[in-house]
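Written out below as structure tokens is the structure these notes cover.
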Amino acid sequence: MSDQEFGLDAIRNIGIMAHIDAGKTTTTERILFYAGRTHKIGEVHEGGATMDWMEQEQERGITITSAATTVFWLGAKINIIDTPGHVDFTIEVERSLRVLDGAVAVFDAVSGVEPQSETVWRQANKYGVPRIAFVNKMDRMGANYFGAVESMREKLGANAIPVHCPIGSESQFVGMVDLISQKALYFLEETLGAKWEERKIPEDLQEQCATLRMQLLEELATVDESNEAFMEKVLENPDSITEEEIHTVMRKGVIEGKINPVLCGSAFKNKGVQQLLDVIVKWLPSPLDRGNVRGINLKTGEEVSLKPSKDGPLAALAFKIMTDPYVGRITFIRIYSGTLKKGSAILNSTKDKKERISRLLEMHANERTDRDEFTVGDIGACVGLKFSVTGDTLCDENQEIVLERIEAPEPVIDMAIEPKSKGDREKLAQALSALSEEDPTFRVSTNEETGQTIISGMGELHLDILRDRMIREFRVEANVGKPQVSYKETITKTSNSETKYVKQSGGRGQYAHVCLEIEPNEPGKGNEVVSKIVGGVIPKEYIPAVIKGVEEGLNSGVLAGYGLVDVKVSIVFGSYHEVDSSEMAFKICGSMAVKEACRKALPVILEPIMKVTVITPEDHLGDVIGDLNRRRGKILGQESSRNMAQVSAEVPLSEMFGYMTSLRSLTSGRATSTMEPAFFAKVPQKIQEEIVKK
């Protein structure tokens, strides 16, 4: 099918998101199978899933990178991004949600809402992504569809509305009643569930289905209060409402984020996947429904609103970089306005660099098809971009527009790394550079005192997998040290400094004079460096050098050498020498000045605090809470259901190394826990002194 056959209203850009192990990749595999993209179904537990194309993913049975693929269904073109459910890969979820128009949240019918489902749901709220839900694994022991719906309401605050009523559950799960069409769908075992037949609603479910349908209609009546005809029918003659009318109101409610319809099925047993595909097309938004996208015009500094039109100016967002052994560097983009053609010259407005597109590729996991152009609403990949990284805006050379960036959280864990042989030193540097371009939460730095290379990331699994990739993709063998906490430094009061850098040693001297004011920035806002220089006391051409020096100075703090965060620096005054001043002199002076100001601004050390959720049998609850308290944890809350208790707490990461092992021994292996970065907080004075001594 060529793209020309698809209007914008027939495109769906969707993500599939869930907690690890809810069956998300299996659901995507079935979608690919039924939509005719794969001729053989990939099974995750056999290591053959199409979307999990990296070797590490196939070995570990988890999804690490968001694979993008395109399928066709009911006359629509669906671009699907499969996202990882493990907390160490939150940036993958964050960046895919940023470019999606809608999402399918997959839940496990036994567990309902799990901790990672809450994280992903919060991220989707942040970007206002409309969602429908699929309660998967209805064939499992203990499956409870209505329990899962209830947990969505309680834990996520979702307006979850069942649109199915399951027929049987666990091994007796044979199908579902569609509350909209009022038909019972029975999946035929001889076709492995690929086909089904419609029958009458079984007698023992008729009353329950009538109640559920009425609740569904009443909820829909509140979605669009201007639609009086629909409200009237709901109140006076609900049986006269057509399926078409229900779908219209349902679509409006989903797109406006007022409702989250919930379907059920078992992807593994092929039940309910085609029904899910139908409603992806019927209810989730097209790029047109998501409306205009906001950006900033760089020439005027004003906010602009871009219509989703293929004739408009080009505006695209790079949301992922991949290094491919055959093609080289691939940049994934989403086009919000205009058309991008193969061979065209464009501007990376974030970096003010010109780029040229050498190839355009439509991706299916790791297979690819060449394309001549991508237009508004498309998600695709480009080859040939040299400077663009995640979050950069690509636009026409004469239309300087910047779109909202993708925020990357600060890494929380550090490891020292060195090549096993001296000959690998350069290869290691190349590998680290390529990997940090792909993943904004992976940072590479050098410890100034020891000269060691330090890699930082979101957790041990994150760094483990990157190390695996170095060995496999870049053929680099490296030794890594023990994981360490990634501490940060910040300041707690306002201060200033006046610094002169003067050198006279025969020949041309060096001269720079810089005055700074520094103040604490809002937590989580990062560092800001601004110039308030007026009247040319420092010439305009030297200001970027001062800023660069200040930024480099902030890379290592004054207490223990950890990077400074949340500091606002203003360059307020200075002077220069006609002959002796240079960019280098001002850069060195900027770095010295910011260090001097920080020493006077009561610096403190910050540590990453993790949100920890533990699910434990109730008889071990006391031990688990006692253990978290000993680790300087702050208990946020606990709840119980079916002899299991869930405890949530905030605990410093430094106290959590080896936690899984001790939790297993505390609870005889019956408890599970998840941990995700929450925020950075000041360390207690006694611990700060110990860190500084080290």
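Residue 1 is the first one shown; counting continues down the chain.
Positions of Cβ are set from backbone N, Cα and C atoms, glycine also.
Look at Swiss-Prot and you will find 9-288 tagged as domain 'tr-type G'. Residues or ranges marked as GTP binding site by Swiss-Prot: 18-25, 82-86, 136-139.
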- prompt: Should MET138 (GTP binding site) be counted as helix, strand, or coil on the basis of DSSP?
  reply: coil
- prompt: 10 Å Cβ neighbour count around ALA18 (GTP binding site)?
  reply: 30
Message: Most Cβ neighbours within 10 Å: which of the binding-site residues ASP21, MET138 is it?
response: MET138
- prompt: Where does ASP21 (GTP binding site) sit in the DSSP three-state scheme?
  reply: coil
